[in-house]
């Protein structure tokens with residue numbers, strides 16, 4: 001992990017990789033993130049940068065790798081997936097978060113974008129399946145309940161494509 005992290009730094013900074021921060025643009029070159037539709041959210045969630053630039057310290061990088069590892073628990077994976085899907089960072093997945101989530105998965109091109117009616121139906125179906133307390137949003141516990149019944153999420157972590 002240290003070798004991979006230091007290779008993302010310019011050569012002159014590699015000696016002090018432990019105290020360096022890798023820019024988000026370099027993190028996004030990792031094969032695991034390059035084609036991930038949530039790449040920007042992943043950097044946002046794992047970065048501890050006070051400026052919000054998505055850069056990562058070595059510890060941030062380790063946290064990210066550990067969550068994506070096969071040995072991470074479903075609880076840990078689902079917690080971070082929830083944070084990544086919570087686009088407005090308010091602790092719930094509301095209709096706006098779900099719409100952004102669907103758009104990330106389907107792409108933003110005209111040929112792949114859902115119509116308003118299709119989007120509304122899909123969001124309604126997601127809420128009917130997941131919103132146990134019927135408050136119009138999905139909280140972490142509800143999200144974890146749904147993913148605990150999904151073998152695909154458990155197998156791949158829910159974040160990889």
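Yeah, the Cβs are placed from backbone N, Cα and C, and that goes for glycine too.
Automatic, uncurated: that is what TrEMBL annotation is.
Feature annotations, reproduced from TrEMBL:
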DOMAIN    73-108  domain 'EF-hand'
DOMAIN    118-153  domain 'EF-hand'
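Mean per-residue pLDDT, taken over the domain 'EF-hand' (73-108), amounts to 95.
With helix defined as DSSP H, G or I and strand as E or B, the domain 'EF-hand' (73-108) counts 24 helix, 1 strand, 11 coil.
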